[in-house]
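Quick notes on the structure that follows.
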Ligand SMILES: Nc1ncnc2c1ncn2[C@@H]1O[C@H](COP(=O)(O)OP(=O)(O)OP(=O)(O)O)[C@@H](O)[C@H]1O
Ligand SMILES: [Mg+2]
């Protein structure tokens, strides 16, 4: 076998190990879905009447607000799931098993690749589950074409990949799982100050640029545009730039830490 | 990305070297703290080498460096004929490592751990299953094979750890304190397994706190202290390095004790325990002369024990700045 097929084979082995963990301990993954689902139900059924007054220049009803909020909730789900990845990576790195892998003739990057691919797959599965809840309470896309659905799916996967690389870096930088969980906290807080729940335009002027240009808002606006036909504008490029930037940063950060001598 | 996988064929100067592990001038410090200060090792293929040393001597550090886990600051290091710094991936293909702390996946079962190792050694599915089953059997883990490793006892984890190390049939094995935490039976089983490996021609580098373990298993022993190898040789050679052989006489009757102590010269008295130690190499001739002396002064000891120096004596003498702690009771050998 050449080195590429060895790299693929070892990465696949590591991925299977990660998925086996997720399969054996589903509650670890499912717990991470609670926050976005609670947020969805809370904002729709408890705050819904007030919130819907803020969109579409007022006069929107509950189903309009569901349509508005679901894209943001889906990307919040990604943020929540990758917090789990940060905790998991930090747990794994402190285990002796990783030291064993390092003394074996396996492809060095396979451990990291296994974590990254595993986390992206989990994020996508989580988004599908939360999306199903959204559909159950009445979310419908307004005549999105097959191509738009595909693009929406691709955007979610790319966004998951970007946040995952950052989360893996955080997991490696943390001395223990608690620290990893704290460090990754912004990944679930950022959606709260994005256009997920209310349009950025309704926020105070000084705060608006922060809300508009942080990574979640362009991605949410793009997803909204793909599923609901709203204006995407420059948000598509912004979202893409954020994803590529975060992937590059997270990749450099994670591999640099992984290749350092372990303590 | 990290370095790619290297071919595992033996390289170098064409012939199979008979040295499995060699180190010249191995140095390592953590920040200000110098842990290994120029270590030289030469371990022939097929032998068992034991590294002894007090806590914090740097044994684990030496294992980590030789097994490519961390980099040395300086030194020429070769393992399995490969340069550790230049070609770590080739070294990794030749070795198996059981570290001091357990390196098993607690979230999955013992069998899954074994199959994971088989996959990482690129065994085919059938071969992987066969090897896993055989090793689980050999390490007495068949009953526990389908249970999550987090439910294993410490000793079971330790056995699984070693079983995982053996999956790729490595020719050179590093064992960092392989029997710490094992009960006496498991310890003897582990020794039997290690002897079995050696009879298959495997080279074993082990560290241990148990001196009898080194005595039992090792062809050569090195004592590490303060970052330096302070003594190296066979167990017998090391024992010859320290004085410490003596004959101990114990009395129950204080007057007998007193007259013996007065009659015999060159004795160390222990008035509390009513016992006397006489330096001796334990030879028949010396014993007879001591007995003759006792007869001639007409005292009778209640108990006579012969002590030859053991590795404990060597250890204490070499690793604590020459301060041999007082050891009142020791079994005769
Ligand atoms: N990652 C590290 N950072 C700083 N110092 C370290 C590190 N690892 C080990 N040391 C120090 O290096 C010295 C040697 O440690 P090492 O673990 O090699 O000892 P050891 O001989 O294996 O001890 P033990 O018998 O307790 O296992 C110790 O003083 C330890 O504090
Ligand atoms: Mg140690």
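Glycine is treated like the rest: Cβ placed from N, Cα and C.
Among the features that TrEMBL reports, domain 'ABC transmembrane type-2' is placed at A:27-261.
Marked as transmembrane segment by TrEMBL: A:25-46 (among others).
Taken from TrEMBL, the feature transmembrane segment applies to A:66-91 (among others). For the transmembrane segment (A:66-91), same-chain residues at least 6 beyond its ends with a Cβ under 8 Å from one of its own Cβ atoms are 18, 21, 28-29, 32-33, 35-36, 39-40, 43-44, 51-52, 55-56, 60, 115, 118-119, 122-123, 126-127, 130-131, 134, 137-140, 142, 156, 159-160, 163-164, 166-168, 170-172, 174-177, 179-181, 183-185, 187-188, 190-191, 194-197, 216, 219-220, 223-224, 227-228.
The transmembrane segment annotation in TrEMBL covers A:112-137 (among others).
Under the heading transmembrane segment, TrEMBL lists A:149-172 (among others).
The transmembrane segment annotation in TrEMBL covers A:184-207 (among others). Counting only same-chain residues 6+ beyond the ends of the transmembrane segment (A:184-207), those with a CB under 8 A from a CB of the stretch are 35, 43, 51, 54-55, 69, 71-73, 75-76, 79-80, 82-83, 86-87, 163, 166-167, 170-171, 214-217, 220-221.
A Cβ distance under 8 Å defines the sequence-distant neighbours of the transmembrane segment (A:236-254), meaning residues of its chain 6+ beyond its ends; these are 112, 155, 158-159, 161-169, 172-173, 213, 215, 218-219, 221-222, 225. Marked as transmembrane segment by TrEMBL: A:236-254 (among others).
Non-local neighbours of the transmembrane segment (A:25-46) in the same chain are 62, 65-66, 69-70, 73-74, 76-77, 80-81, 83-84, 88, 122, 125-126, 129-130, 133-134, 137, 188, 197; each lies 6+ residues outside the stretch with a CB under 8 Å from one of its CB atoms.
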